[in-house]
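Taken from TrEMBL as is:
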ACT_SITE  Glu492  active site, proton acceptor
BINDING   His491, His495, Glu514  Zn(2+) binding site
SITE      Tyr576  site 'Transition state stabilizer'
Amino acid sequence: MAAPPHHFSPLTRSFSLDGGGQTPRGNMQPFPGDQIQLPRNMIENSMFEEEPDVVDLAKEPCLHPLEPDEVEYEPRSSRLLVRGLGEHEMDDDEEDYESSAKLLGMSFMNRSSSLRNNMSVYRQSSNGSCSLPSARTMVVCTVTLVIAAALIMVIYLLPKCTFTKEGCHKKNHTIELIYPLATNGKIFPWAKVRLPSDVVPLHYDLVLQPNLTTLKFSGSVKIVVNIIHVTWKIVLHSSGLNITKATITSAGGHQEKPAEFLEYPLHDQIAVMAPEALLVGQNYTVNIAYSSNLSDTYYGFYKISYKDENSKQRWFAATQFEPVAARSAFPCFDEPAFKATFLIKIKRDEKLSTLSNMPKKATTPVTNGIVQDEFFVSLKMSTYLLAFVVADLKNISRETNGSLVSVYAIPQHLNQVEYALNTSVKLLAFYQNYFLINYPLEKLDLVAIPDFQSGAMENWGLITFRESALLFDSHTSSARDKKSITAVIAHELAHQWFGNLVTMEWWNDLWLNEGFATFMEYFAMEEIFPELHSDEDFLNLIFKAMMKDSLNSSHPVSSAVQSSEQIEEMFDALSYIKGASLLSMLKHYLTKDVFQAGIEVYLHNHKYGCAQSDDLWDSMNEITNGTLDVKKLMKTWIVQKGFPLVTVVRKGKIISVKQEKYLYLVEPENWTSDASYLWHIPLTYITSSCNFTHCTNAYLLDQKSAIIELPEEVEWIKFNVDMNGYYIVHYGEDWKTLIDLLKKNHTALSPKDRANLINNIFNLAGLGKESLEKAFDLIDYLNKESSTAPLTQALFQLSLIYNLLEKKGEQQLAARLMHRVERLLGDKIDQQSWTDDGALSQRELRSTLLAFACTHDIRNCRTTATEMFEKWVNSNGTMSLPSDVMKAIFTAGAKSNDGWDFLLKMYFSSVSEAEKSKMIEALASTEDVRKLLWLMQNSLEGEVIRTQELSHIIATVSQSLPGYLLAWDFVKENWEKLTRKFHLGSYTIQNIISWSTSQFATKAHLIEVKSFFESKSEQSSQLHSVKEAIDTIQLNIQWMERNLAMLQELL
């Protein structure tokens, strides 16, 4: 999305509080205190920098009769705040009203300040010295100050008064909004970030003409709107568009009436002012003509360059509207609840092709070499789901159940789309059967975009993908690549129901879209592609989401958001992974049939409409029919941040369980008290008497503590079966029993249960509730382990420790840690073959073990990899390498200068996205800091290495000892460029902040990171990801202080 032209967001700003608003800036006298820190909402609701003033509209003439939210006035200066006389009901925007009251107070301060300045207390004599004031002057000044103070007190003590000629009115007990100024200096008739609800869109006719030579586009939009409340204005979104004309036509009328339009870029809003009152229940058509540049970010209607088969530069135009960028392609009501139908017409070069959400209806000639494609009218949908692509594309297609499924790519990649087509057809059939609702469109297009920020975007009927997330090359795509491509397709197809058919009402409930799509992605993969073992990936994602959720900087799954940065930040691990994990927990508790029936009710009740979290729980309650209050249970998980720690004490047959909030205590002043936290936890457990899945027991812990009585004494008990619940378990004395069980008979527990125990004990050691010695004791069984999930989790936990030790300068201790890993897993590493043989799970384990071994120079991994790399170089890159170990081979080869140079040359010539992805990671693993800097700089510029790769490069560079400080310096030096390209709050910026700071474990680095973000805009310093980075560094420091001495003994 394109950034608003006037983005005003300082942390502090020097405000002159002189009176009048007419004083030249050079003569301003600063208010005592010089710097005044303003609340953020005060700044957002104003367009001024200095000298606020207030106009009482009761004394000013109006062009139109006054209505609640509408005033128009020609101001005295360009820096005016206008106080409306309308009567507003209090709502969610109370903070806007409060800031307005404070600004009124400031305006009175201005006037008192002016009085002080005009009646200078000291008289200057002719020789430049100051004489004492006269008694008369002193009296006048004292009286003036008393009056000024009284006025200020009136403002603050009577905040619910509306001052007019008649005095103080308390009729509605509300504080009036202060309206901002439009770009032309007139009053903009709306002060809130959210659009008013008095006008709703019904239908859009959108005509666009992109020019891939000039890289500009022109457009016109006709919006049919319906009037809910009488109004003189239509407020909608527009960002970075050059609007040239606006008209309004009444229902049944044929005459377009010119309309004045006002622009307020701070909120990306325009107001079309009607020449006459717009009447309730009537439809009107708003017609707006405009033009703009194709965006050079990844948002809105943006341009992409790529090289064709002949290495000639070609241009490609595509859209990415979620969450708030449709407004930068056409004026619209850009909020998810404003659903409407769309008719799209695109004028383009006859040599290119276009795609949109709906099938093409007709193509007609326009002028020489230009034709117009018209698409069928869409279903009712949100603006963020609209999409169009203008490019030279090729495709393959297949019909299934009345819908034509097609996969598109640039011509040289057409031979890599078949796997995606086969997978999409299978998944589409599965979802239609599961939801009992057919996919409602006649076609479904999946398009590989050469430069794309995220993995994919679920636009209804036109899903766009990063090339590496859609294209499968049988020669270079690994088992993991296949799993990743399948997962992304499964996620986006699930969105065609969850998000597109039923949409969250506002971004606070984004998890209804993303949590559901993530849950369905893994559920569908288990059902259709069991050989991929996707449940193990889901498990590892949950572990990582819990790391984020355990920090005090976390937020509830459903969180109030307003600004675009806050909305962007909702696209994080909590909306996706925690949301999915909670749905998985509920499915296991309700049973899969009850859960499925609840989903069917939810989709049927809300199709083509919008929903909130409570609508989902109400649908589930229709099925449980009073046997369980799903809403009461799930609200404890959705509206509270974090998760519970369940402590288990076993005495004979009696099991005591208690819950508390799992939280790392970092800084006492930032700590949120956990006394009020209570979850309704669907506990599950198995015991030694019966440890098969069908023997799983359940208990709902809805109190702080409870007692569970077993029918008989048991040798051991394991809670949170297969990690199906979103909580961590502390077994106290029983840890020893479980450690012994793993050493004697680890297969008594499932691979997921074993991974769960590894994760929990290392987390508890970090929390200080268990010793690190016991955690290392538990993983001693790993020499017998052959499953991917527990091995992956153990290597992840050990890598975290290794990285902290290495960056702290404890290289010897880090090396001793790797010796311990070698003793445990060395034989298993030696057993791995450098091939693509075996089942997919075996192949993935091979990739994991060999990549780890080569990174840490365990056994002869690097030697073997280097030999294979040299053979590949000698064949000039024509020799086929096993795809599962390709990354390990490339990484070993890139350690030499010649190897790195050859790999870069091959990167430029490769046509396989899977191969290029492995190459770029290997290139970023070099220890040569000049090469690392070159990679980051060139990826940011986007000419020779695509900017979409930058976060991946920064993540890789950040992990190495030579690179971790370099990556942070690069982020600091290029912060403005990064946030302009990727936008504040975006998932990419979240990742860049996290990766570039996660290795720090010193107080000096903590101060540096804090200071850097505090020096930036308030939007930057208040990002969740910044707070999370600071929390993480503090925890790293704390972890080292707590465990360094213990590690020196253990290793």
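Glycine too: its Cβ is placed from the backbone N, Cα and C atoms.
Highest Cβ count within 10 Å among the binding-site residues His491, His495: His491. Counting other C-beta atoms within 10 Å of each candidate's C-beta, the recorded positions Glu492, Glu514 are led by Glu492. A separation of roughly 11 Å, to the nearest angstrom, links the Cα atoms of Tyr576 (site 'Transition state stabilizer') and His491 (Zn(2+) binding site). Every protein chain considered, the tally of other Cβ atoms within 10 Å of the Cβ of Tyr576 (site 'Transition state stabilizer') stands at 24. It is 10 Å from the Cα atom of Glu514 (Zn(2+) binding site) to that of Glu492 (active site, proton acceptor). Apart from His491, His495, Glu514, the Zn(2+) site neighbourhood in this chain, defined by C-beta within 8 angstroms of the site C-beta centre, holds Glu458, Glu492, Ala494, Phe498, Gly499, Asn513, Phe516, Ala517, Thr518, Met520, Glu521, Tyr576.
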